[in-house]
Amino acid sequence: AIATVITFLILFTIFGNSLVILAVLTSRSLRAPQNLFLVSLAAADIMVATLIIPFSLANELLGYWYFRRTWCEVYLALDVLFCTSSIVHLCAISLDRYWAVSRALEYNSKRTPRRIKCIILTVWLIAAAISLPPLIYKGDQGPQPRGRPQCKLNQEAWYILSSSIGSFFAPCLIMILVYLRIYLIAKRSHRRGPGAKGGPRKGESKQPHSLDSGPSALANLPTLASSLAVAGEANGHSMPPGEKERETSEDPGTPTLPPSWPVLPNSGQGQKGGVCGASLEEEADKEEEEECGPPAVPASPATACNPPLQQPQGSQVLATLRGQVFLGRGVGAAGGQWWRRWAQLTREKRFTFVLAVVIGVFVLCWFPFFFSYSLGAICPQHCKVPHGLF
């Protein structure tokens, strides 16, 4: 029964991790640099399923080490290498999640395939540094027990403690602290909301922003309706009461134009009022007549020179002396980019939560082994661990 279950787990591990590697390498949507961690982690798990678990199963079923002594030493080193690599990979992934959430804009620009590969290489070097000492330093071999040969891990206290700390306890502590920090960041940003960071605080007066002040300037730019309202009132053409009330009720928080932006001059400044605007210069009157022309149908003064304008998507409108000027798509595109970054941050948090659950289960599965393994070095005489539990 045990052999059947373990064999099924071996096949399931190989099949599942192979699908992960194929999905990352073939799917265009999964070719993000951080997914290279998953490829390397899946490769380590496949190595465990093919090179470690079958020999461990044979050793448990037979009750002794059937294979050669040299392969026993290599087998133990590979066991520590692949298992340590899996755990340190999870630690590296948690750090990658933390940097992506806490410093999204700065870290995402640095998250290149070359940088991720360097981190993966560092992970494997750490695992190799922990697994190779038993192959290099044999230590006191002692008399070989009579009977059937056994293949056991290094029993020296210094190696047991150092390998346990480096392979499990230190990465586990790092992952717990990192995910706790990520949880606090996600909780704080959820309370604050996506736009609270750039908004004014209580007691602070709103200052006019320039057009190149980035995505935060979107909230301070006038909308199409507010710009037309300001231009109409400056020309002496006020909006109908119903329209004005509706506009005010729909957008009570729309900011007015900053003083640095030009608006149409007031008709009460000694200028003539006209259908197309007001000016003291005859040339301006001539231009206005040319621009407006004779209306084909009777129209109100407020709409004779201001026909319905189609606002380009992603643009803003600014009232000027010549009418309305559509600003470029730069600000709108910056706003869209800002929202895409916020959506990416939300996905990072969601993926972090799922990954935290997976790592939590992984840690709970590994803790009994490393705890019982460490007890053999701390108190070898009084802390006897049952062989079946180990």
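The backbone N, Cα and C atoms fix where each Cβ goes, glycine too.
In the disulfide annotation of Swiss-Prot, C151 is paired with C72 out of the candidates C72, C83, C276. According to the topological domains annotated in Swiss-Prot, P33 and P380 fall on opposite sides of the membrane. Across the topological domain 'Cytoplasmic' (96-117), DSSP assigns 19 helix, 0 strand, 3 coil. Ranking 1-25, 118-140, 355-378 by CB pairs under 8 A with the transmembrane segment (157-180) puts 355-378 at the top. Among 37-62, 73-95, 118-140, 73-95 has the largest number of CB pairs under 8 A with the transmembrane segment (355-378). For the transmembrane segment (73-95), the most Cβ-contacting stretch among 1-25, 37-62, 118-140 is 118-140 (pairs under 8 Å). In the predicted structure, the topological domain 'Cytoplasmic' (181-354) carries a mean pLDDT of 50. Counting only same-chain residues 6+ beyond the ends of the transmembrane segment (1-25), those with a CB under 8 A from a CB of the stretch are 31, 35-36, 38-39, 42-43, 45-46, 48-50, 53-54, 57, 60-61. Long-range Cβ neighbours of C151 (disulfide bond) (same chain, at least 6 residues apart, Cβ-Cβ under 8 Å): N59, W65, F67, C72, Y75, L76.
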